[in-house]
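**Student:** Dropping the structure in here first, questions after.
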Amino acid sequence: MASNVSELTTYLAYLEGEWKKSSSGETIAIQSPYLRQTIGYVQAVTQEEVDHAITEAHKAQKRWAKLSLSERGAYLEKWADELVAGSEEIAKTIMQEVGKGFKDAQKEVVRTADLIRYTVQDALHMHGESLKGDGFPGGDQKKIGIVESAPLGVVLAIAPFNYPVNLAASKIAPALMMGNAVIFKPATQGSISGVKMIEALDKTGLPKGLLSLTTGRGSVIGDYLVEHKGINMISFTGGSSTGRHLSKQTTMIPLVLELGGKDPAIVCEDADLDVAVKSIMNGAYSYSGQRCTAIKRVLVNDKIADALVSRLKAEIEKLTVGSPEKDSTIVPLIDDKSADFVQGLIDDALVKGATLVTGNKRKENLIYPTLLDNVTEDMDVAWIEPFGPVLPVIRVASDEEAIELANKSEFGLQASVFSQDIDRALAVARQVEAGTVQINGRTERGPDHFPFLGVKSSGMGVQGIHHSLLSMSRERVTVLNLK
Ligand SMILES: NC(=O)c1ccc[n+]([C@@H]2O[C@H](COP(=O)([O-])OP(=O)(O)OC[C@H]3O[C@@H](n4cnc5c(N)ncnc54)[C@H](O)[C@@H]3O)[C@@H](O)[C@H]2O)c1
């Protein structure tokens, strides 16, 4: 999958169902992390264009909500088909724009089509309920409550760079299915992928105005969108500091936040090391660790720590390092700033006495896979999310110490527990403060119909197909008072 970026395209914004140049006359250059050059330009949308898009979205939403679930679902099914048909081109864009291996990028597109189809089916099978008035002391049989779901209005979907298609569609599809309109704000690096996925949606003949794609400078439209009175719900995935900022900017609207993590792998002394090593390797290093649910620290029992570390070292040294075009596991990080940040965490740990097992090599924004042993609590890498291929190993004396360290983190997205004693694993899992704990497996978001949530600084609210549908709708209660 070789790249040819000799012809640079200026992509248009999708505003009120039309592909348009922004009146700002400005564009934003999109840099490829591994080609280290501009691969295209996107529109810098203005605040006035945001206002107009939101006004039109409200009008379109009222008409859209009147369509039947099956009618709405038909558009989304067609979107899934278009994504699969265009998967090669979209995957190539993801690869170039965010530096993800081509095969993984293509998997992301196909997984997204599956997610959209499942979203349609789940919504079709959601039922309301009726309540009997006499179910409460003194209640009247003639009172019957009908509980249905109703849309919220205009949903603002904000996606991060690392899964630019999947984490956008996992907001857009449930929002549309429940009868909402959508304003979609992609990450800057991720905007061209966003354009491509919305081109696929546009091909379905989606009613004009129902969805607008607002690419632009965070400083000009970020807060403006978030604080806009016309936005009725925000679904955000991104970093914890951005998420915290958003939660301060908004008032009285539902907010779902999926944020950063510092997922621990707790390796008990009776763990099956084959399983633990395989899971930690996949969990920590795929896409250079640029995954919210990457394993970001290992808490291993002293008794097996030497064995685990030497096996991890052997596996790390087999990892492919280089270009996403060659499907390397380790690829250049999203930008130089991110690589500097990861390097800073490695340097801090080494100065404070961590043992370098392997790695700590760098070429521009390509950081080689790094394993640090004997990491202690005074080191930043013990607590901070690197979003890069560096894994700290912290040795512990007991399960209790592992649980204490796991819970000392400000984050609580996922965790893994490795033990061959299921009672022990379950006992540990139930004490870890995280949205999801994986027993004898790697931390990961999928399958997409499982609830997905972070606690503490890792998020607010729940995603996963069914829960996303619920979060993008509200109850509408109608009470029949019979004669
Ligand atoms: N929990 C999850 O589901 C999940 C999934 C993927 C990524 N993440 C997290 O995302 C982070 C990496 O992604 P990123 O670097 O794109 O995150 P980021 O927080 O920098 O950006 C996320 C999105 O927010 C937008 N944004 C930034 N400032 C804004 C503002 N003031 N108003 C409105 N929008 C604004 C960005 O343009 C982007 O679209 C990591 O911390 C990772 O753990 C979490």
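Here the Cβ of each residue, glycine as well, is placed from N, Cα and C on the backbone.
In case it helps, TrEMBL gives these features for our protein:
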- 19-474: domain 'Aldehyde dehydrogenase' (DOMAIN)
- Glu258: active site (ACT_SITE)
**Student:** Within the domain 'Aldehyde dehydrogenase' (19-474), what mean pLDDT does the predicted structure show?
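**Tutor:** Here the predicted model's pLDDT, averaged over the domain 'Aldehyde dehydrogenase' (19-474), is 98.
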**Student:** Neighbour count, 10 Å Cβ-Cβ cut-off, for Glu258 (active site): what number do you get?
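**Tutor:** By my count, 27.
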**Student:** For the residue listed as 'active site', just give me the three-state DSSP call.
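**Tutor:** Reduced to three states, the DSSP call for the residue listed as 'active site' is strand.
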